[in-house]
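Colleague: Quick one: the structure is below, and I'll ask about it shortly.
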């Protein structure tokens, strides 16, 4: 509703973005759908919708992995509506992402309960995900919702010991976004941690050298197998792109509509199936089209974005950069020994029933490392403004740490009654019947309804989440640059 209103009231910016021509005459239903949902088909959404409709015709489309476009194509085929193909795909994207973002919130809730061992903090984090600063990308025709759903679900299943299901979900996530390859680290760490704990437990079978080598080989083979499964979708897609763009002309271009060929000629896009000079990446020892596109089309590389004219984009990324850095520092300063031992030392306090829970608990270590690694890589090697949606769809830390801060420093969340300890007045949005029922009370709504009573830290956190959520809808949906 918000994006439809903003898209109606604010003229679209004339952005230099990929904008393929519409094929076929638009009917009245297509026009209506474009007015209602057109704001969710901006920027990279055009690539996903184009791929879902026409396939990988243009070389730079190969920067977008196939799981999400394939899902759109399948869902659109099930919608028997009098709409043009692109309109059906746009409607499919909105419906699919509405479902996937809700499932991602549910997966984050389950993961939070398993890792944090604090139900209130896990619930608060899932609510914050629902108003994520990357919220517009969870609703638009982007792959962020699909990736978050699969990645959080895979992490949750791994925490529950469901290795096979977790591996399958991680593999699918790697078919949605390239940074899903990094998630193989969760499997490797889980195997290494279990092996280290077995050694420290002093089990008799591991005391003999042959048994130890047998365990090491078993660990290495299982880890290699799982990593191969996670890398498989990405590798298969690179091979598909190689066959499509590096093989001699196959006559595929003859079936491409003339308006699309004209667009390619005007913009200098390389078209699949046409003869001519072989793309440079085809002659590489390991031809990877993804990294070539990032380099040649978007100038993505180490420190390439560090220019004076990019200062506004660094300012856009400043809140999430500070939040991620603060999260890492808080965890390291709270658990220095645990971090120095890489979390592989058996937790003796847990055996005594005194283990810390919540964000600073030992189980969150690997997630903090994952978040920090993505933050450093994104800050140094990517277009820095995308950090907000990059972390918002990949790392639970972006939601666990603010939930931790709110619980630790906001007095309104400490009270279990209806009175405000500061003024003695009843709190808005908190009824006596909801006391003690946990998730029956929505803490985010309660904080917003009592905005004047919040601490400056709470206002900053909620202001960042809701401010970016709203600004994203206003700017992104009208083709203005955003995160």
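Backbone N, Cα and C define each Cβ position, glycine as well.
Here's the feature list from TrEMBL:
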{"type": "REGION", "residues": "418-438", "note": "region 'Disordered'"}
{"type": "TRANSMEM", "residues": "89-111", "note": "transmembrane segment"}
{"type": "TRANSMEM", "residues": "123-156", "note": "transmembrane segment"}
{"type": "TRANSMEM", "residues": "168-190", "note": "transmembrane segment"}
{"type": "TRANSMEM", "residues": "216-241", "note": "transmembrane segment"}
{"type": "TRANSMEM", "residues": "311-332", "note": "transmembrane segment"}
{"type": "TRANSMEM", "residues": "364-386", "note": "transmembrane segment"}
{"type": "TRANSMEM", "residues": "461-480", "note": "transmembrane segment"}
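Situate these features within the shown structure.
Modeller: Through the fold, the transmembrane segment (123-156) approaches residues 3, 39-42, 44-45, 48-49, 64-65, 67-68, 71-72, 89-90, 93-94, 96-98, 100-101, 103-112, 114, 116, 165-170, 172-173, 176-177, 180, 183, 186, 319-320, 367, 388-389, 392-394, 396, 398-400, 402-403, 406-407, 413, 438-439, 442-444, 464-469, 472-473, 476-477, 482-483 of its own chain, all at least 6 residues removed from its boundaries and within a Cβ separation under 8 Å.
Outside the transmembrane segment (168-190), and at least 6 residues removed from its termini, the chain residues within Cβ reach (under 8 Å) are 65-68, 143-144, 146-147, 150-151, 153-155, 157-158, 223, 226-227, 229-234, 237, 290, 343, 366, 369-370, 373-374, 390, 393-394.
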Colleague: Which residues, given as numbers and ranges, are at least 6 beyond the ends of the transmembrane segment (364-386) yet have a Cβ under 8 Å from it?
Modeller: 115-116, 155, 179, 182-183, 185-186, 189, 298, 300-303, 305, 310, 313-314, 316-317, 320-321, 324-325, 327-328, 331-332, 335, 338-339, 342-343, 394-398, 400, 481-483
Colleague: Could you tell me what the rest of the chain brings near the transmembrane segment (89-111), counting residues at least six beyond its ends with Cβ under 8 Å?
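Modeller: Distal contacts: 33-34, 37-38, 40-41, 45, 48-49, 52-53, 71-73, 75-76, 79, 81, 83, 122-123, 125-126, 129-130, 138-142, 145-146, 148-149, 152-153, 155-156, 159, 396, 399.
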